[in-house]
Amino acid sequence: MMFVLDTNVVSELMRPAPAEKVSSWVNAVSRGDLFITTFTQSEILFGIAKMPNGARRDALAARAGIMFTDRFRHRILPFDSVAAVHYADISATRQKRGRPIAPFDAGIAAIARANAMAVVTRNVRDFEDVGLDVIDPWSE
């Protein structure tokens, strides 16, 4: 099985000392089976860009650079026309059920569904009822 890591998992992995359960879960999976999306990349980069200049911002920018150019090189999935079809279905279905989904979560879910992958996240409820397997590495 292949996995799309949600932004909160990538953020955790960028910490100087990530949660042991998350690190263990990620390390137990073959590196080639772990992917991120352009939504996660943009969320991380936006979070860093809006920080005030300083050592903390510089350290996070360096970790993000390693994450995106080394750790996940060639494993950052884009939002394409197939994902767009899934995005529309996921967003409309959740809205009709009275449980709207945030646009970035819908994008991550759509990319995962378009590629037949599970989503790995701490926010399991955000990805319920979208036709995906969802894994919480904090509770594994």
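Placement of Cβ uses the backbone N, Cα and C atoms for every residue, glycine included.
Just so it is clear, the model here is predicted, and its values are computed rather than measured.
Annotated Mg(2+) binding site per TrEMBL: D6, D105, in sequence order. As annotated by TrEMBL, domain 'PIN' applies to 4-130.
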Item to check | Lowest local Cβ density among D6, D105, which the record lists as binding-site residues, within 10 Å | outcome: D105
Checklist outcome for this item: Taken over the domain 'PIN' (4-130), the predicted model's pLDDT averages 97
